[in-house]
Number of protein chains: 2
Amino acid sequence: MMGGAEIERLITLLGRLPGLGPRSARRAALALLRQPHARMLPLAQAMEHAARAVRTCSTCGNLDTCDPCSICADPSRDRGLVCVVENVGDLWALERAGVHRGVYQVLGGTLSALDGIGPEDLNVAPLYARLEAGGVREVILALGATVDGATTMHWLHDSLSRFNIPVSRVGQGVPVGGALDVLDDGTLAAALMARRPA
Amino acid sequence: MMGGAEIERLITLLGRLPGLGPRSARRAALALLRQPHARMLPLAQAMEHAARAVRTCSTCGNLDTCDPCSICADPSRDRGLVCVVENVGDLWALERAGVHRGVYQVLGGTLSALDGIGPEDLNVAPLYARLEAGGVREVILALGATVDGATTMHWLHDSLSRFNIPVSRVGQGVPVGGALDVLDDGTLAAALMARRPA
Ligand SMILES: [Zn+2]
Ligand SMILES: [Zn+2]
């Protein structure tokens, strides 16, 4: 063991972050340890603040410090246009691209026979409630062009048909087999523009 | 801004870690935000503990929770064999490989004309003190085979000559232009075994 249990634990926990292997976790730990007051404590405090402050929006499933989230609460957003995404990372990607002026519904996953994820595991009840309440003119399905994404869009299309509201899906621009949140802004914009009835 | 200032700040600070770009910083932030109690708070606490507990060993320059560090304080380590490394990451690499049974001296950098790093910027005084105190039989220079590493080893060889103690350098096994802490254990072992007089 090098540098005591504290350093080992720091490296272990950093190494569990997506995108950080053991080697980059060590490099990150060293960078933090070299500047404990300028770098490590501010990051620790940012994590504690975020852990305390951030909650899941009960309307759309977004993560924010307020509920409803700042998107749902924004009077300038078009509540008649609901974009369904798999996860908050995809919502962030669309917001960075600035290509959707409506609101969102975050499913929290896709249907997956392999992972045993069924309709009851998806955060879709708030969407039904919004559609029942009226005022929604269109639902845009913005899921990745994976097998599970396509299955989910197909199922959503069926399950939303009873509301008699146009359901479209992002089409052109999403590469087959690709996830949504790796795409550049232009591709995301094209995919939204080229949406077609689901 | 998505998800409030707390999330933005978390992503910004994570993105400053080596090895994490903006995209992986967002993924890491999301992974932490999804499990604030199981993942984010433990990491925040590990950082605070480490920031409070970890100090620089006044003997060798290693990072540890005690001073002298656990290597300097370990009676089973050979104090007669001092291995000079550029930074703590290189020390960790040698310790992981388990190829050095002596102690260390961490320079904290290499000479660099470009970066304006001169001999006075290197943590070498504790090494002089140890050599003056006696008992050191050999100094091993384990710096990377970069231009600055070679310059530093040359300068150290000269500056240590007055102590009349054999100075060797890691040789075979360190690729030209390569850093030490990316090497596999076998290569590090070979480089140490094949050391030659500097
Ligand atoms: Zn919301
Ligand atoms: Zn030490």
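Every residue gets a Cβ built from N, Cα and C, even glycine.
Bear in mind that the values here come from a model prediction, so they are computed numbers and not experimental data.
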Query = TrEMBL tags one of B:57-72, B:89-104, B:137-152 as zinc finger - which one?
reply = B:57-72
Request  = Run through the zinc finger (B:57-72) and tell me, per DSSP, how many residues are helix, strand and coil.
outcome  = 3 helix, 2 strand, 11 coil
